[in-house]
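Undergrad: What follows is a structure written as structure tokens; I'll ask about it next.
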Amino acid sequence: MVDESPSVGRYQVPSDILVSGWENKKHGFKEESRTSAAITLSTGETKLVLYFQPFSLAISVKGVAALQINSRNLLNFEHRRHKQADDPAGYWEESWMGHTDSKPKGPEAISLDLVFPGFQHVYGIPERATSLSLRSTNGAAPYGEPYRLYNLDVFEYLDDHPFGLYGSIPVMLAHKKGLTVGVFWLNAAEMFVDVVKTRSEVGTQWIAESGIVDLFVFTGGSAPAVLSSYARVAGTTALPQLFSLGYHQCRWNYKDEADVKMVDSGFDTHEIPYDVLWLDIEHTNGKRYLTWDSSLFPRPVEMQEDLASRGRQMVTIVDPHVKRDSSYYIFSEAETAGHFVKNKHGSDFDGWCWPGSSSYLDVTSPAVRDWWAQQFTLDKYKGSTKHLYIWNDMNEPSVFNGPEITMQKDNLHYGNVEHRDNHNLFGIYYHMGTAEGLKLRGSRVDLENGDRPFVLSRAFFSGTQRVGPIWTGDNAAQWSHLKVSVPMLLTLGLTGLPYSGADVGGFFGNPDAELMTRWYQVGIYYPFFRGHAHLETQRREPWLFGEDTTARIRTAIRGRYTLLPYIYTLFRFANTSGLPILRPLWYEFPDNEDVFAVEEEFMVGSAMLVKPIVAPGVSSVDVTLPAGARWYDALSGAVLPARTRSQRVQVTLDAIPVYYRGGSIVPLRERPRRSSVAQAADPYTLVVALDDKGEASGSLYVDDGRSFAFQQGRYLHRDFTFKSLKLTSTVRLESGVPNGTLTVPTTIERVVFLGLPSLKRGYKALIGGKHAVQLETGPLTMLAPHHENAVVLRKPGLPVTYDWQVEIVAL
Ligand code: NOJ
């Protein structure tokens, strides 16, 4: 539905927010029947009944009711009108806390109702610190107001609250036994979504302040199918550089070069791996981004090269507000070129942010983004090196003296578009421009084989996954914030943006040793894993909480590095098919109604289940291990029974409960190293966790971890299967991506079997049909050497690159 006549000039989200070409892949609908009241159409397993009066659509999949559009007749829009003397107050101007919004086009709101019949659970519409399965909005405060989608810099946000935060993705999934459906309303204005649950359905009403109804419905049937369809429109996760999946150490602020050196060497002294050290706003010359405070950072190039000599990278912060200072080259160039957002009178908008009086690059303009991208080449960004990556903060945009700490809605952008229309796109466009800058830099450094960009953003929209990761902003050092980080990240994964994380330790406040320990133990599973802290907090590098805590955090972070092959492989699937990294239990067990609202546990891919501990003093916890699978404790290797109800397990401060799901093969790298780069030549371990039939499967994806060469097939993707006591490695072929051609000179040094029946005389392995090696009973991991629940094949010397078969034979 696009417009009315006479035209009010309704805003449409530009096509570069979506991937190009998706609209050429249309499937036609077949007309099944027609009456004077309705037409019935079908495509594949989806059936659609279109009622003429009042207009409504009823969609079903395989005969199961999936979605009703406008069944409540709430599709409504404010039509174009001329000013009348008796118009209600607020039609043509609104005032709020000293701010006046001139509304030159008058009211433009548009709404519609979407009802999910037979469903009890809906998920999505981030970002907010709330439950995974969205609650009704007609409850007690604060759940008595609709969910809002309006990117804002929210100071000290509360957990368990429906309030909208820094980013917006207008995507909702509904799930019931046998069916998942998804909807995506592409609209970038302020939006509200009401959710009302009854016993028989979830009813939702959506209202946007302006724009059009541009609704996508995904009827794939399962969550992976819905997410792949959404990804065909909004894109998949850009494959990150491998280093960026390691641990990031951040703080507002690492003060100077000596501080950087001290923190960096602290990791080595305490034998804790990490990959990236971050500098916040204080590193700049008076919050002029892309400059350095030369008294604190006199030798930024040498500093970065020193880190790089140990395989480490640096990130600096670059915010979208530009200090209004004519001696600052970014400001003067942008001002001269007319690159700033305008106020309603057409002059450069002037708002307040960290540097004081600031203007904001109008990144909604492709030309401004091009110019912005050019600022990141090594000759332009003085003091930068190819080891430096970028953090975009405050890009909601945050304006300290603006309404709700953002820009006036009647500010003007490229094409004379009002800010009210494209507010939620400011963040992604800024993020895009910066990422393009790093791509450009990469191609200048190495024309053939430039680096993939790494740019972290705070604000986001549909499509941000194609650009880079986000984090959940300014959380607090409280147990409840650790807890809510899980549903927040799960929701992002379900709305196509899996590369995300929460500040480990909590941004505001001072975590004690126990909170710090538990946060790292969960944080190692965040797709983006960074410790960060507010300027006024106590220092909290991992070794500052006493020896026992240092040891526990070391174990946790090393665990992240052990898992990198598995995590990187999951990212490859996110990259090819839009699949999430962290997954709610229902995603993996879609028929198990008991887990539809579970957010106290999560899956990492399909092979691991993690139970965070989110309270102090815990010595035992209830764990739900869904039926239909076999589960192995990831430390001891012991089998746990799957039960419909939860079971109590004992825990210590040393670890949180984590399980391998039977039927999985998980690739690991077990040698402790100082960074991901230092692991590059290390051999792999395969954990083969058998299901009830004695079978398992999994895969391993490898490439240079750095460049775009994988897009030309310079990668290796192997499938592993265990069946009838034979473990085989075969090449993985996927339609739509070039076949892999990379040779990797590494081997598999250990294969660990969980769930092989214990035999008195044990087993031997026949490698390639001849060479026999005796298997040993032993521990799953050296972290729990006393538990001898695994059967281990040591030093089989299996090449990662080629096909092979290992047969397990009883002695
Ligand atoms: C707000 C960001 O959310 C936070 O992470 C950062 O440290 C401060 N801005 C200062 O740049």
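Placement of Cβ uses the backbone N, Cα and C atoms for every residue, glycine included.
Below, the features straight out of TrEMBL:
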type	residues	note
DOMAIN	32-194	domain 'Glycoside hydrolase family 31 N-terminal'
DOMAIN	238-570	domain 'Glycoside hydrolase family 31 TIM barrel'
DOMAIN	578-666	domain 'Glycosyl hydrolase family 31 C-terminal'
DOMAIN	685-743	domain 'DUF5110'
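Any idea what these are sitting next to in the structure?
TA: For the domain 'Glycoside hydrolase family 31 TIM barrel' (238-570), the mean pLDDT of the prediction comes to 98.
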Undergrad: Please work out which recorded stretch in 32-194, 578-666, 685-743 has the most C-beta pairs separated by under 8 angstroms from the domain 'Glycoside hydrolase family 31 TIM barrel' (238-570)?
TA: 32-194
Undergrad: Using DSSP, what is the helix/strand/coil residue split across the domain 'Glycosyl hydrolase family 31 C-terminal' (578-666)?
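TA: Split by secondary structure, the domain 'Glycosyl hydrolase family 31 C-terminal' (578-666) comes out as 7 helix, 28 strand, 54 coil.
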Undergrad: Would you mind splitting the domain 'DUF5110' (685-743) into helix, strand and coil residue counts from DSSP?
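TA: Taking each residue of the domain 'DUF5110' (685-743) in turn, the totals are 4 helix, 29 strand, 26 coil.
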